[in-house]
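*Asks:* Questions regarding the structure given below will be posed in turn.
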Amino acid sequence: MSVMFDPDTAIYPFPPKPTPLSIDEKAYYREKIKRLLKERNAVMVAHYYTDPEIQQLAEETGGCISDSLEMARFGAKHPASTLLVAGVRFMGETAKILSPEKTILMPTLQAECSLDLGCPVEEFNAFCDAHPDRTVVVYANTSAAVKARADWVVTSSIAVELIDHLDSLGEKIIWAPDKHLGCYVQKQTGADILCWQGACIVHDEFKTQALTRLQEEYPDAAILVHPESPQAIVEMADAVGSTSQLIAAAKTLPHQRLIVATDRGIFYKMQQAVPDKELLEAPTAGEGATCRSCAHCPWMAMNGLQAIAEALELEGSNHEVYVDERLLERALVPLNRMLDFAATLRG
């Protein structure tokens, strides 16, 4: 496939790691955040991949821990006038699209996503223009501008069902931006899919040989894999699914030991779900290999206690999410299509 932008050759500079806080500093910021949430009539929504102390704070303050879409849905239904989104930038944008009347704050607007960065809207528009006969389906991990170009937005939890539905209608698909998830969906459905070639820097680093060695060390363990992982890793899995689906699989599988191939942030909620089971990280480096993300998104790690307190206290252009009104209206169309489709699956 020829594209103007090649995500495979792009090197994304990682943000600096947050300065560690002392125990006293953590206690200070936790109490400050709790007070500011009440004063601002705000609720905190956190992604599964944020650090455990952030997820714990969201729980303690009546917030939400979930995937990106459920974060936005929770925020839209919640009576709070302000949403504090602990995640990456596209999650804040999605929350704003679904709750345009609310103030959306983020600890930092510099928290990126390699899938979002790997799908620049100008190049993606040109790619779509070159294939006008195809239905455009984009993953939730994209900018508002890319969503606005799409016919459908989709999450990993319903990707197979949606593409199977579109395939049954005889539609040919453009899929963006995750090539591994696109490959997985194509194999599951047999649909005619033309994939953009983006990848998640975390899931792309899982190594087959190292995972095989870990499996040999723990032959009684089940392997849980997020479909953003390379095909060879997916083929080793006992369960494949989105973050929420992997947590459900952890409860359902009889195995007492689980090897988990996704961001280690998920361990907080997964361990709550299966307190008696042992969770092991799938390896992201092996012999002769090194890892950059090492199973944790560096941009998710930017959502620290100090940054959250600052967002609630200062607001302003460094923390508030804005989406152009015309762009918002266009992006809402494929998002609502997805929500309606998801409702039919649940119903």
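Each residue, glycine too, has its Cβ placed from N, Cα and C.
Note that this is a predicted model, so its numbers are computed, not measured.
Under the heading iminosuccinate binding site, Swiss-Prot lists His47, Ser68, Tyr139, Ala140, Asn141, Ser156, His226, Pro227, Glu228, Thr243. The [4Fe-4S] cluster binding site feature in Swiss-Prot is assigned to Cys113, Cys200, Cys297.
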*Asks:* Under 8 Å Cβ to Cβ from Tyr139 (iminosuccinate binding site), same chain, six or more residues apart: give me those in sequence order, or none if nothing qualifies.
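*Replies:* Result: Leu115, Val153, Val154, Thr155, Ser156, Ala159, Trp175, Ala176, Pro177, Asp178, Leu181.
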*Asks:* When the Cα-Cα distance from Cys200 ([4Fe-4S] cluster binding site) is computed for each of the binding-site residues His47, Asn141, His226, Glu228, which gives the smallest value?
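*Replies:* Nearest by Cα distance to Cys200 ([4Fe-4S] cluster binding site): Glu228.
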*Asks:* Using Cβ-Cβ distances, find the residues under 8 Å from Glu228 (iminosuccinate binding site) that belong to the same chain and are at least 6 apart in sequence, listing them in sequence order.
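*Replies:* Result: Ser156, Asp178, His180, Leu181, Ala199, Cys200, Val202, His203, Asp204, Thr262.
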*Asks:* Under a three-state reading of DSSP, tell me whether Asn141 (iminosuccinate binding site) is helix, strand or coil.
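*Replies:* Looking at the DSSP assignment, Asn141 (iminosuccinate binding site) belongs to neither helix nor strand, so coil.
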*Asks:* Specify the secondary structure state of His226 (iminosuccinate binding site) as given by DSSP, simplified to three classes.
*Replies:* coil
*Asks:* List the other residues in this chain whose Cβ sits within 8 Å of the Cβ centroid of the [4Fe-4S] cluster site residues Cys113, Cys200, Cys297, in sequence order.
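*Replies:* Not counting the recorded site residues, we get Tyr49, Val88, Ser114, Leu115, Asn141, Ile201, Val202, Asp263, Ser293, Trp299, Met300.
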*Asks:* Take the Cβ of Cys113 ([4Fe-4S] cluster binding site) and count every other Cβ within 10 Å, whichever protein chain it belongs to.
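*Replies:* So the Cβ neighbour count for Cys113 ([4Fe-4S] cluster binding site) comes to 26.
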*Asks:* Which residues does His47 (iminosuccinate binding site) neighbour through Cβ under 8 Å, counting only same-chain ones at least six apart?
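*Replies:* Non-local contacts for His47 (iminosuccinate binding site): Ile65, Ser66, Asp67, Ser68, Met71, Ala86, Gly87, Val88, Met91, Gly265, Met300.
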*Asks:* Rounding to the nearest whole angstrom, report the longest C-alpha distance spanning His47, Ser68, Tyr139, Ala140, Asn141, Ser156, His226, Pro227, Glu228, Thr243, listed for iminosuccinate.
*Replies:* 17
*Asks:* What is the number of other Cβ atoms found within 10 Å of the Cβ of His226 (iminosuccinate binding site)?
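*Replies:* A 10 Å sphere around the Cβ of His226 (iminosuccinate binding site) contains 28 other Cβ atoms.
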